[in-house]
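Sequence annotations record features per position, and here Swiss-Prot assigns S-palmitoyl cysteine to Cys10, Cys11. As annotated by Swiss-Prot, domain 'CRIB' applies to 29-42. Positions annotated as phosphoserine by Swiss-Prot: Ser43, Ser52.
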Amino acid sequence: MSEFWLCFSCCIAEQPQPKRRRRIDRSMIGEPTNFAHTAHVGSGDLFSGMNSVSSIQNQMQSKGGYGGGMPANVQMQLVDTKAG
C-alpha cells in the first residue's frame, strides 16, 4: 500500500497572529499642550449633592473656555459600589 497526501489550501486559512498592544512607558508621553487647569474634582465632591456639582460647574465656567456649551438638565443616580 502507498500513502497519498493532498493539501487543500483553499480550505485551511492561516490564523492571523493576535495583535500585541504596544507597551507605553513614561518616556513616550509628552507634556500637555494647551492645558488650562480649572478645578480639582474628587469623588467625594459628587457625593455631597447636586448643589456641589452646580458649584463646580460654575467655577469651571468662570475660568473660561466653556462658552460653546448649551445648558441641559441632567439627572444622575449614584450607586455605591463598596467592595465587601
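Using N, Cα and C of the backbone, Cβ positions are placed for all residues, glycine too.
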Across the domain 'CRIB' (29-42), average pLDDT on the 0 to 100 scale: 77
Composition by DSSP (helix, strand, coil) of residues within the domain 'CRIB' (29-42): 0 helix, 0 strand, 14 coil
Integer Å distance between the CA atoms belonging to Ser52 (phosphoserine) and Ser43 (phosphoserine): 12
